[in-house]
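**Student:** Mind looking over this structure? Questions follow.
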Amino acid sequence: MSKDLYKEDILYKKRHSIAHVMAEAVCDLFPNTKIAIGPPIKDGFYYDFEFKNPITEDSLLDIENRMREILKTGSSFEKEIISLEQALEIFKDEPYKIDLIKNFDLQNEISIYKSHNFIDLCRGPHVDNMNKIDPKAFKLTGIAGAYWRGNEKNTMLTRIYGTLWNNEKELRSYLNLREEIKKRDHRKLGKELDLFSIHEEIGPGLIFFHPNGAKIRALIEDFWREEHSKNGYDILFTPHVGKSWLWQTSGHLNFYKDSMFEKIEMDKSDYYLKPMNCPFHIAIYNTGKHSYRDLPFRWAELGTVYRYEKIGALHGMMRARGFTQDDAHIICTHSQVVDEIKEVLRFAIYMWSKFGFNSLKAYLSTKPDKSVGNNSDWEMSLKVLKEALSDFEVPYEIDKGGGAFYGPKIDLKIVDSLEREWQMSTIQFDFNLPERFNMTYTSEDGKEKRPFMIHRALLGSIERFFGILVEHYGGAFPLWLSHVQAVIIPVNNIVEDYTIKVFNKFKNAGIRIKLDNSSSRMNAKIREYQAKKIPYMFIIGEREAIEERISIRTRTNEQINGIELDEALKLILLKVRDKEIS
């Protein structure tokens, strides 16, 4: 559901209203608390407070009980338009509200909402009265720190999160889903499965891939390169830093500097770690002259970029400061645009299917009020994007005015096994950089023209994609992506020669296999490797050795007894080749 549609939804109004109820309950229980903001969000709501004394999650139950008492009053939510002077008087003891009021656009009206004994600076919307909210359908879910206005230089506030649904059944369903999400948290599984780590003492937001995780990442990247080569892309490698003139020309220093690392002074010049790969690809293009006969260029790179994300925004692999972007840029003529866009969309759908994502949603962002490029190019580009989405029957919503100033775009979102949407692929026209860097090609009539430039990311950040895969599969990667695909577990030492034969046969065929001939008990080994999410355990006893067979136990506890060795190898190789998900 889009943001605009959500605002009209009854749940949005209920969640907005319950946030006010929570703020009143907090102020009742903790006098002298200062209130900040409390909006509805996806799946719930929050409110930020400055407490005189810190609170803990132990206080949440008391707050919930007080909220239910307030809800029982059935009080109305009443909107009132007030003047600037009235607002300053009403909230004179609330410094965060005063800060908001002083930054208001005075051309807009100032509105407040009154409910029970609480008044808040608010645009709404809300439910008519508290009877519309089921007192058994909400729960406070946690406490976190949040800087006022998201600025680390400001006061750290206490944010209380909650969730609210239409009824108790919906709430229970959501809370069960939250528990499953916690179990699958990539940070938790990353540690348990020895996939990656983050070392705050070395640098927050920087990912260290361990051997297990590095193997999986290498498999992802190898597949990425192979498929890009098949689809007519040339692979590029570019530096991690560039001089300031490059970022000045691209516009990053004017519009993106807050998200860039500080400059590095060296050789009497200023350098910056790259936040994006685009200017480097353009530099390669501009090393020579190009004819219309040379185009299109499809250039792709797994390029590491660095972005100065705020500490509070960092979240494991999902939000990092150093990550590898699967960038591509297509440089083409006007007549090639339609085919190139359709091919990018087809390629994106194909790539996602190979990783087990078959449910896609798209958001088409149109021209904002301020933009570069002429109207005809914008209109043509939007038409092409719409046509491509229709041809591939991808459902989409239009984000009116949501395009970047330099061109329209499609954002593709995948839906994971927990029914969460993740924005991954972007297909973005750029009318800005070709102009800034004076990109040209010689057209059929011998004149110099600007090429069209399309930015394209499929997987987005490799690190983020890795984290999504961990949670999507709960750590149980498909066979083709598992760092170890099978483990041989001999029943006793008598079958040692045969287990070595099996090990060598599978290893030489390219299967990632391990032989465990330790003294641990067989059942303990099976439990260990199931916990490690290894797809197959080959159980070999004397009968299997005599008949040259194996028995297979899967990580989901399925049993296949006495399968012929060559048949087992053939089946596994087929699953790997076809990149089967199950």
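The backbone N, Cα and C atoms fix where each Cβ goes, glycine too.
Sharing the features that Swiss-Prot gives for it:
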{"type": "BINDING", "residues": "Cys278, His329, His455", "note": "Zn(2+) binding site"}
{"type": "REGION", "residues": "185-478", "note": "region 'Catalytic'"}
**Student:** Neighbour count, 10 Å Cβ-Cβ cut-off, for His329 (Zn(2+) binding site): what number do you get?
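**Tutor:** I get 25 for this one.
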**Student:** Restricting to the chain of His455 (Zn(2+) binding site) and a gap of 6 or more, list residues whose Cβ falls under 8 Å of its Cβ, or answer none.
**Tutor:** Cys278, Asp327, Ala328, His329, Thr426, Ile427, Gln428, Phe429, Asp430
**Student:** Run through the Cβ atoms and count how many others sit within 10 Å of the one on Cys278 (Zn(2+) binding site).
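**Tutor:** Its Cβ has 21 other Cβ atoms within 10 Å.
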**Student:** Let me know the model's mean pLDDT on the region 'Catalytic' (185-478).
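**Tutor:** 94, rounded to a whole number.
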**Student:** Inside 8 A of the center formed by the CB atoms of Cys278, His329, His455, which other residues of the chain have their CB, for the recorded Zn(2+) site?
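**Tutor:** For the Zn(2+) site the neighbour list reads Met276, Asn277, His281, Ile282, Asp327, Ala328, Gln428, Asp430, Leu433, Met453, Ile454, Arg456.
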